[in-house]
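S.K.: Have a look at this one.
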Amino acid sequence: MSTDAPTGSRTGTPTSTPTGRRPHGGVGDALRLWWDALARPTQWALGVPFILLVALLPVLQIPVLTTVGTSFGAVLAQFGMYALIAIGLNVVVGQAGLLDLGYIGFYAIGAYTVAILTSPASPWNQMGVDGWLSQDWAWLAALPVAVAVTAVSGLVLGSPTLRLRGDYLAIVTLGFGEIVRLLADNLDEVTGGGRGLAQVAYPRLGESDANPNGVFSAGSGSGVLTSGVWWYWTSLVLIVVVLLLVGNLERSRVGRSWVAIREDEDAAEIMGVPTFRFKLWAFVIGASIGGMSGALYAGQVQFVSPTNFNVINSVLFLCAVVLGGQGNKLGVILGAFLIVYLPNFFLGRTEILGLPIDGTRIAELRYLFFGIALMVLMIFRPQGLLPVRQKLLAYGRTLYLAARRASTQPVVKEGS
Amino acid sequence: MPLLEITDMTVAYGRIEALHGVTLHVDDGELVTLIGANGAGKTTTMRAVSGIRPLSSGSIVFDGQDITRMKAHVRVAEGIVQAPEGRGVFAGMTVMENLEMGCYARTFASRAEHDATVDRVFELFPRLAERRTQLGGTMSGGEQQMLAIGRALMARPRVLLLDEPSMGLAPMIIQQIFRIVSEINAQGTTVLLVEQNAQQALSRSDRAYVLETGSVVRTGPGKELLADPAIKDAYLGVA
């Protein structure tokens, strides 16, 4: 964004400007410029009500928006998990530019960590009389353990493989995802093999006559306030925390290094960026966020089995990131929402705007439609729905303020 | 004692050896040129000095310190900075952001010192000052080359490695780039230059090495090599 004398590029199309400055003029850009120029307290004052509104979506039951085939709360709970995954995967793929096709592996490790620690079917169950987990808080206590275990697994996978680049890294990570799934399928004694692990712990809160197992138990609640809504709210809290952490990282020297690595790894190295170390950081941070999402999944479904961690889901996660806009946190959350919501929107719907449709069939064919959507997107908007605008630490908000000031001043002709 | 001393350096890509025992040195304050045809090993030499390519044998000593096994990003902090072949400009970053990346490994004593460095780069390349908010990837080849050199200067190099700065540029721009390289050298920065444009490079350098299929075949003062009929015949394209 321009800090100095403005050029005429705000009006013309990007390609028509001789200097080829960053294109201005889109609605998104205007919105971004407006938002970034706001003072921090103002951003909070506007952001918090917005988040509350998003949180109240399942309760408000907005007519067309609400799903008919499944509970809207459950759909949003799934969205929460996918949003977390998208944010984590975005650190790896969008920020550092490392193509990870086995991200589902971390999700699985997070889910299995919680399940192994809390399921009665597991040999390492810690919920029993001599276990170190309390009955009521087991899930919450297992959550940081799951995050730590996935972080370590990210380190273990990353240390040898991050010396590879591009396609080679993608293939190795693809293999990793499969290895995790196959291990889960074959280590019968620990993971229960194909039978999976049932009765995974969940937060025991709000127990009452209507909900004897608390509001978080599967199948609890009636009407709008189902267990899905509670899980959705839990994931929203985690998303906000993760967004703040990742956002701060992106604005720091770490984020700057990631962008440089993404753009040109060799050039970054000869600028003095310890590329391997920062790639490993991206991998570990991405992995732990994926593990967090897996822990949510295990708690909500209370059951994990290998079939939930197929490669196709890995691709679906990547699809959310690419669709929303690699590198843009809000973009990838939007991507996650579309990936989760659209099939559920059609599920069980028999008509839309008076036109009769077979919604369930459409939902079944979701991979076909996502495939087509991705191809169309790659042709017309390869940067994703909400593309990234990288701003570096050196400028931050001052730059946006300057850009705004500049746009209110008369256009100065540039001498060149 | 030379600032940069490369002894019997061998570099291989898999089983193919690209450099077979290259020995050369650069003294403090010198402008030394490496000329040679395509595939002679010029860029490999640069990559090895920068630390992106490991040595199979031989050693690199910089300022009395053996840096043969030193990681590339650590060498930058030590003062070995390269403007790579093909420029390596960060396409998605603005000119200013690219320059900021240049001083990634450097700590400034004060904001003023930082600003002075930026000013110096803009003095050498006024073009960059005009385009400071433009994206690196949208600039012309010549501008990108200027940015690559300017970015390297941000790190305050003790030895500046320039890999084919004239590649793919118009004659006018080549002249300009070479003038600036001389100026940078005159201001006290040691320069190791790799070039195919032998005429320009030799006339401006203190000393030069001629690289042929991975070995140094000639060395001497730039002007002397320029006058050598064999060199003229092979690299200057004059009959």
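Each Cβ is built from the backbone N, Cα and C atoms, and glycine gets one as well.
These numbers come from a predicted model, not from an experiment.
Residues annotated as compositional bias 'Low complexity' in TrEMBL: A:1-20. According to TrEMBL, the feature region 'Disordered' maps to A:1-24. Residues annotated as transmembrane segment in TrEMBL: A:44-65, A:71-91, A:98-117, A:137-156, A:168-184, A:230-249, A:280-297, A:303-323, A:330-347, A:367-388.
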S.K.: Count, for each of A:71-91, A:137-156, A:303-323, A:330-347, the Cβ pairs lying under 8 Å from the transmembrane segment (A:44-65), and report the range with the highest count.
M.R.: A:71-91
S.K.: Considering pairs 6 or more residues apart, do the transmembrane segment (A:230-249) and the transmembrane segment (A:303-323) have at least three CB pairs under 8 Å?
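M.R.: Answer no, regions not in contact.
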S.K.: Looking only at the recorded stretches A:98-117, A:137-156, A:330-347, which one has the largest tally of CB-CB distances under 8 Å to the transmembrane segment (A:168-184)?
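M.R.: If we count Cβ pairs closer than 8 Å to the transmembrane segment (A:168-184), A:98-117 scores highest.
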S.K.: Which of A:98-117, A:137-156, A:303-323, A:330-347, A:367-388 shares the most C-beta pairs under 8 angstroms with the transmembrane segment (A:71-91)?
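M.R.: By the under-8 Å Cβ criterion, the transmembrane segment (A:71-91) pairs most with A:330-347.
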S.K.: When each of A:137-156, A:303-323, A:330-347, A:367-388 is checked against the transmembrane segment (A:280-297) for Cβ pairs under 8 Å, which one has the most?
M.R.: A:137-156
S.K.: Determine which residues of the chain contact the transmembrane segment (A:367-388) at the Cβ level, with the cut-off under 8 Å and only residues 6 or more beyond its ends counted.
M.R.: 28, 94, 312, 316, 319, 322-328, 330-331, 334-335, 339, 342
